[in-house]
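Participant: Structure provided below as structure tokens; questions to follow.
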Amino acid sequence: MTGPAVILLGPMGAGKTSVGRELAARLDLPFEDLDALIVGAAGRSIPDLFATDGEDGFRALEASVLESALTASSGVLALGGGAVMHPDSRQRLRGGPIVLLEIDEPVAAERLGRGHGRPMLGGGEDPMPRWRELAAERGPVYRDLARWRVDAGHGTAAAVARAITDMMGQDLLSGPEEETA
Ligand SMILES: Nc1ncnc2c1ncn2[C@@H]1O[C@H](COP(=O)(O)OP(=O)(O)OP(=O)(O)O)[C@@H](O)[C@H]1O
Ligand SMILES: O=C(O)C1=C[C@@H](O)[C@@H](O)[C@H](O)C1
Ligand SMILES: [Mg+2]
């Protein structure tokens, strides 16, 4: 597969966008953020897309933008937190160079505040009950797809990017994981 050299996965607030940007700079590769690609393709914000098309509409658009990005991008691709919940997207991502950014709930709470601009967090006073629910539901899917996992809750985004390049080593330049079955 041509396609991204690294794909970042993880819950809201894990730092996929921030770490992805640092990682791309470190590797001298282009950076793409799936949420930004969706906003660019639709010409509307993510809260607006959720408000008018609902989560299902958003996921369908996200899946189609991801399909294109997996062909077009050859750099670092940061996913949205829920992108893997669409079965077509999961299928297309399987076997890719996927790194899971892991954080715990206190770190997420500190980073997300009231969850402004993240419709899946509900828009209420405290986004953390919903974050916890989503983390529990999505965690197994993330761990199943990820080839590497990194602690993204400590250190700067640049330090997390460095940990990723250390961990991936030679695999940064090799292709997809061979199918074994
Ligand atoms: N390693 C880090 N140290 C400190 N703050 C960080 C770190 N990584 C990200 N942040 C901060 O946490 C917030 C969320 O980060 P970011 O938007 O990169 O997360 P995300 O995983 O892309 O979230 P989403 O799924 O909503 O797109 C931002 O304010 C960012 O500056
Ligand atoms: O976790 C999610 O479901 C989402 C995460 C964001 O990156 C955006 O893709 C959107 O707000 C939905
Ligand atoms: Mg992001």
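Placed from the backbone N, Cα and C atoms, the Cβ positions cover glycine too.
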Participant: If I go by TrEMBL, which of ARG114, ARG118, ARG130 binds ATP at the same site as GLY13, ALA14, GLY15, LYS16, THR17, SER18?
Facilitator: ARG118
Participant: Can you tell me which of these binding-site residues sit near ligand 3, meaning the Cβ is under 6 Å from at least one of its atoms: ALA14, GLY15, LYS16, THR17, ARG138?
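Facilitator: List returned for ligand 3: LYS16, THR17.
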Participant: Please go through the binding-site residues GLY13, ALA14, SER18, ARG59, ARG138 one by one and keep those whose C-beta falls under 6 A from any atom of ligand 1; give the result in sequence order.
Facilitator: GLY13, ALA14, SER18
Participant: So which other residues, same chain and not among ASP35, ARG59, GLY81, ARG138, have a Cβ within 8 Å of the centroid of the Cβ atoms at the substrate site?
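Facilitator: For the substrate site, the extra neighbours are MET12, GLU62, LEU79, GLY80, GLY82, ALA83, VAL84, MET85, MET120.
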Participant: Under 6 Å from ligand 2 by Cβ, which binding-site residues from GLY13, GLY15, LYS16, THR17, ARG138?
Facilitator: none
